[in-house]
Amino acid sequence: MGRAPAWRRAARLFTAPARDSGVAALRWDLGFYLACLAFALPTALVAEFYGYRVWGNFATVAYGLGALHSGWLLLSARTGRTPPGVLGSRWCGIAAVALLAMILPLLLLVIRRLTGVDWLITPFSWAAQPEVWVIERSADLLLHHGTPYIDVTALNRPPEVNDYTPYGPVMALFGLPRALFGGTPLGDALTDARWMFALAACACVLGTLKLLKWPKVPVGAAQLALACPLTALTWAVAGPDLAIVGLLVLACALAATGRAAWSGLVLALVVSAKLIVAPAAAVLVVFVLVRRGKGLDWPAVGRFASALVATTAALHLPVYLVDPAAFVEHVFRFPLGMGAVRSPAASPLPGHLIAGLGGAGQVTAFVLVGAAAVAMLVWLVRRPPANGSGAVLRIAVGLGALILLTPATRYGYLVYPLVLLGAHLTFRVAEDPAAPPAQQPVSTSS
């Protein structure tokens, strides 16, 4: 028999069992943790932001332990020995990252934030990234004024970046606990918006796994979605993107299990929090249409679209009617670089670098975004997603292309395609009952 294609052999590394005597998967683990360590250590030493440096110190230990454990498992596999008990599981590295690079730095930074470092123009003292304070402020504005958006033309001073709330109205909901119950040290610590983002993300993961009937999550999927530095760093210092991508994965799981209306409703929450994920709607519409595999399911599309449109309108219209100009300024003009203040989203990704070459570069960047959109549409039409994993993969590729090619972007947004790729692997396991459980010991040759 001939060898499997290279891409299929590589994919097997991500779905290898938790107790794997094969050298290839363990070699991947070691490389993964060493690469993460190479990101965490410089972050601890030279990052501009205080929260990043705190995270980097914790993460350096976490990824170092993961690398040591993977190296030990690899050495044991080469000598034909299988470590007994929990320490023989590849999940030990994931657990180290979850505790040391996510939970503990978040707890420390929440406590450090009580010293009052918000709104200062001193990044070296920030215990939370500005999006956390901005979202909490937006909730307070929503409660008292009916809109989370400030009129930046009525401030009696020039507006600045942190006056903007470049999110949809749903994002303000994560700040409501702080607005309602904050004001004391204990209340502020317990209602930090990062806890709300984390709780929402965890709830979405549990909901997705329940819908998929509790598949065995591959270690590789957890590495991509949970243990990679972008996820762990975002969890500790900010968090909104994790809540949003969690809701997006939940919407995909609802669509994959035939709950079209609920999928549309959850996707409306996603789009009404962050517009960057709006392209996912096109993928899910096509998926809902062809999911049954026997003709086109137009009634399901009708339920999905009705829930999506009605919920989106219900969430946006009240806020829009309070102050239409402020809504447009914050939600559309500022992210597009057309606001009174220029968006600071300028990570050196390909789209930004190309746009920085001048007028021709800007045109080229937008042409590339358009070409990527056309390519995605062709892919959807010619090979529509037949299952949930296919839909998640297409959303991951589409969002990844958008993030890489759009002129105004942040590298932190790459957490979306990474988490979605991890979800894709988990959906695949759930869809393939003939496959061996991903966490069950299997016979593997070295």
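Glycine residues also receive a Cβ, built from the backbone N, Cα and C atoms like all the rest.
Note that the structure is predicted; figures quoted are calculated from it, not measured.
Residues or ranges marked as transmembrane segment by TrEMBL: 30-52 (among others).
Here TrEMBL flags 58-75 (among others) as transmembrane segment.
Positions annotated as transmembrane segment by TrEMBL: 87-111 (among others).
Annotation source TrEMBL lists transmembrane segment at 195-212 (among others).
Look at TrEMBL and you will find 224-256 (among others) tagged as transmembrane segment. Distant neighbours of the transmembrane segment (224-256): 14, 32, 36, 39-40, 43, 49, 51-52, 54-55, 58-59, 62, 66, 93-94, 97-98, 101-102, 105-106, 109, 128-129, 131-132, 135, 167, 171, 174, 193-194, 196-198, 200-205, 207-208, 211-212, 262-264, 266-267, 269-270, 273-274, 277, 280, 284, 287-288, 291, 304, 387-388, 391-392, 395, 411-416, 418-423, 425, 427; these residues of the same chain sit at least 6 beyond its ends, with a Cβ under 8 Å from one of its Cβ atoms.
What TrEMBL lists as transmembrane segment is 262-289 (among others).
TrEMBL lists 301-322 (among others) with the feature transmembrane segment.
Among the features that TrEMBL reports, transmembrane segment is placed at 353-380 (among others). Among residues of the same chain six or more beyond the transmembrane segment (353-380), those with a C-beta under 8 A of the stretch's C-beta atoms are 279, 282-283, 286, 394, 397-398, 401-402, 405-407.
The feature transmembrane segment is assigned by TrEMBL to 392-413 (among others). Sequence-distant contacts of the transmembrane segment (392-413) (same chain, at least 6 residues past either end, Cβ-Cβ under 8 Å): 230, 233-234, 238, 241, 248-249, 252, 276-277, 279-280, 283-284, 335-337, 343, 345-347, 349-352, 354-355, 362, 365-366, 368-369, 372, 375-376, 379-380, 385, 420-421, 423-424, 427.
Cβ atoms under 8 Å from those of the transmembrane segment (87-111) belong to residues 16, 18-20, 25-26, 29, 33, 36, 40, 51, 54-55, 58-59, 61-63, 65-67, 69-70, 73, 127-128, 189, 192, 194-195, 198, 219, 222-223, 226-227, 232, 235-237, 439 of the same chain, restricted to positions at least 6 beyond its ends.
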